[in-house]
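**Q** One structure coming up, written as structure tokens, with questions to follow.
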Amino acid sequence: MPEKTIVVLPGDHVGTEITAEAIKVLKAIEEVKPEIKFNFQHHLIGGAAIDATGVPLPDDALEASKKADAVLLGAVGGPKWGTGAVRPEQGLLKIRKELNLYANLRPCNFASESLLDLSPIKAEVVKGTDFVVVRELVGGIYFGERKEDDGSGVASDTETYSVPEVQRITRMAAFMALQHNPPLPIWSLDKANVLASSRLWRKVVTETIEKEFPQLTVQHQLIDSAAMILIKYPTQLNGIVITSNMFGDIISDEASVIPGSLGLLPSASLASLPDSNKAFGLYEPCHGSAPDLPANKVNPIATILSAAMMLKLSLDLYEEGVAVETAVKQVLDAGIRTGDLKGTNSTTEVGDAVAEAVKKILA
């Protein structure tokens, strides 16, 4: 089996700690499966890159990422770098655009049923919640034409979507739905009662599913209505949820409170359909860099589960990815948890426990 090259971009603050724990788990796989070899290449991104090079994404980091099988990212940003002309988050936007990472996948479920009581929503309401937000990541208002206030007292941002952009994200959602038997339902979220871009979105999603995936069902929901359903009846959205860049950013962050901690939720950003389990992708936790958190207190589970997604979708190591997810469930069920989950364990203790569990599962 050829060596798998993983570019590691720790980023800022807790980013270094959480990527270290994910690497620990990946090395545990190497230990019990000698035929599997990972080549980890570390590079700078975000505030750490600004401090060292003056730019949030150095050329060497971008070039290495383009040549890798996958990218594992920690977290970027922090108050130290403020909101000036050069910001850590620009590194993230640039790498997404340069690597054409057009689809962001964010699962929302419970890594373990033992966590149900930690949700801020009643356990009986959230039990069984299981959906994936498929967010369009390189179009829409975040990448549209913008005009800063130049002293005139007026600023603007432009939301633009084209037919091909909506078609390819719809195909990604359809592919994800078809990985299940029976296929999962698709929910498309927009603001078609107000926005022209949303009316195009709704039309193209409908046409693409009807013409290319007649075996699938798609239901359209206005984003504000969906935001209410997500809290009141989250299981109604079970399946695949597809939406635009900004709406996906907001709704996936809202969904992240359901399992009780951002420290549990992974994400994948893909440049193509994972139809061969070898799609190029960037994997990162849904949480930020947590600059106020003391050392060894951050929950590494989201990053470890991001590595599990990487194994399944980019590295053609599906069995090993499932083993990591199973190990996480075992560790959480055993009560080994960080403070955000009402536990007393450190970052490294949780990582150690998952690594040991993975070894036992794969041995």
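Cβ from N, Cα, C; glycine included.
OK, Swiss-Prot features for this one:
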| type | residues | note |
| --- | --- | --- |
| BINDING | 78-89, 288-299 | NAD(+) binding site |
| BINDING | Arg96, Arg106, Arg135, Asp224 | substrate binding site |
| SITE | Tyr142 | site 'Important for catalysis' |
| SITE | Lys191 | site 'Important for catalysis' |
| BINDING | Asp224, Asp249, Asp253 | Mg(2+) binding site |
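Help me see these features in their spatial surroundings.
**A** Long-range Cβ proximity for Pro294 (NAD(+) binding site), meaning a same-chain Cβ under 8 A and a gap of 6 or more residues, is found for none. The DSSP secondary structure for Pro294 (NAD(+) binding site) is coil.
Look at Arg96 (substrate binding site): DSSP puts it in a helix.
Sequence-distant neighbours of Tyr142 (site 'Important for catalysis') (same chain, 6+ apart, CB under 8 A from its CB) are Leu93, Asn245, Met246, Asp249.
Residues within less than 8 Å, Cβ to Cβ, of Lys191 (site 'Important for catalysis') and separated from it by at least 6 positions along the same chain comprise Ser198, Leu222, Ile223, Asp224, Phe247. Classification of Lys191 (site 'Important for catalysis') by DSSP places it in coil, neither helical nor stranded.
The number of other CB atoms found within 10 A of the CB of Asp224 (substrate binding site), across every protein chain shown, is 12.
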**Q** Including all protein chains shown, what's the count of other C-beta atoms within 10 A of the C-beta of Asp253 (Mg(2+) binding site)?
**A** 15
**Q** Give the helix, strand or coil assignment DSSP yields for Arg87 (NAD(+) binding site).
**A** coil
**Q** Spatially, which candidate from the binding-site residues Arg96, Arg106, Arg135 is nearest to Gly84 (NAD(+) binding site), comparing Cα atoms?
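**A** In terms of Cα distance, Gly84 (NAD(+) binding site) lies closest to Arg96.
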**Q** Please report the DSSP secondary structure of Gly78 (NAD(+) binding site), reduced to three states.
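**A** In the DSSP reduction, Gly78 (NAD(+) binding site) maps to coil.
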